[in-house]
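According to TrEMBL, the protein has these features:
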type     : residues                                         : note
BINDING  : N14, N66, G76, N77, N172, E189, R190, G200, T201 : substrate binding site
ACT_SITE : C75                                              : active site, proton donor
ACT_SITE : C199                                             : active site, proton acceptor
Amino acid sequence: MQQIHFYKYQGTGNDFVIMDNRQGQYDWLTNEQVNELCDRRFGIGADGLMLLNKSEDYDFAMKYYNSDGRESSMCGNGGRCLAAFAHKMGVGDGNLYFIAVDGEHEATMDGENWVNLKMQDVDFVEQGPLHYYLNTGSPHFVKYVDDVQAVDVFNEGRQIRYNERFAAEGTNVNFVQPFENGIFVRTYERGVEDETYSCGTGVTAAAITFAGKEEKEYVVPVQTLGGQLEVRFTRTGERTFSNIWLCGPATLVFEGQITIG
Ligand SMILES: N[C@H](CCC[C@H](N)C(=O)O)C(=O)O
């Protein structure tokens, strides 16, 4: 039996189990145990699990697992929550530099519960008659709809995620509706295999497809089931974007101990 001291965070309803692994005390964690811990009936319950790992060259290193227990690509809301946790643990000075699966990130705190996360540049956006496809640290299929609340996100998202083109690697699927002066985004997440209340890399992808053609800075307010985010970025070319920031709340919900086999 193994004891785990964990912290439960959420960022606009995308929720995570976080463990401080800077001493390597949880290096024994298996994929099956991650899946068990994320189970909403038999475990703590979360969309994903993250380890705060030591790094020689950065304030910390981020390791992210989807709730299916498998290590995944970049998680934007997770990166924001992990930065908030590292800050709570006294890491850095309010500005944090960390390394994740998709490269280096900067995170700045606005108060204890608001994190601005710099995302990787986007150097290509596929545009079809009914969709966009781009990678913001994770792969995202983006589809604009007339009424985002009426979409059967689970079934329609699942159909696209498992279609002939995407079945092997999977993709996240975002349904988008222009909303007030921004957009409303709902997401089916790969590796959760369900709709989540918010998906940071998905919100970032959707906001980029919402930008006009002018090469300038954009600020896009994004509404999700779990709350409001803001995506800031510069269009630098026909299909290229940089200086991309995902900004929003990241909150500690509870802290606890759990024993697993
Ligand atoms: N499910 C995603 C990773 C987590 C993305 C999401 N939670 C975010 O905030 O970016 C994938 O496997 O590509």
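Glycine too: its Cβ is placed from the backbone N, Cα and C atoms.
Keep in mind that TrEMBL annotations are predicted by a computer and have not been checked by a curator.
Structural mapping of features recorded in TrEMBL.
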residue : record                       : Cβ within 10 Å
N14     : substrate binding site       : 33
C75     : active site, proton donor    : 30
G76     : substrate binding site       : 28
N172    : substrate binding site       : 26
R190    : substrate binding site       : 25
C199    : active site, proton acceptor : 33
T201    : substrate binding site       : 29
- Message: When DSSP is mapped onto helix/strand/coil, what comes out for T201 (substrate binding site)?
- Response: helix
- Item | Annotated substrate contacts N14, N66, G76, N77, N172, E189, R190, G200, T201, maximal Cα-Cα distance (Å, integer) | 15
- Query: Distance between T201 (substrate binding site) and C75 (active site, proton donor) at the Cα atoms, whole Å?
  - Reply: 6
- Message: Give me the CA-CA distance between G76 (substrate binding site) and C199 (active site, proton acceptor), in Å, as a whole number.
- Response: 7
- DSSP three-state assignment (helix, strand or coil) for N172 (substrate binding site): strand
- Expressed to the nearest Å, what is the distance separating C75 (active site, proton donor) and C199 (active site, proton acceptor) at their Cα atoms? 8
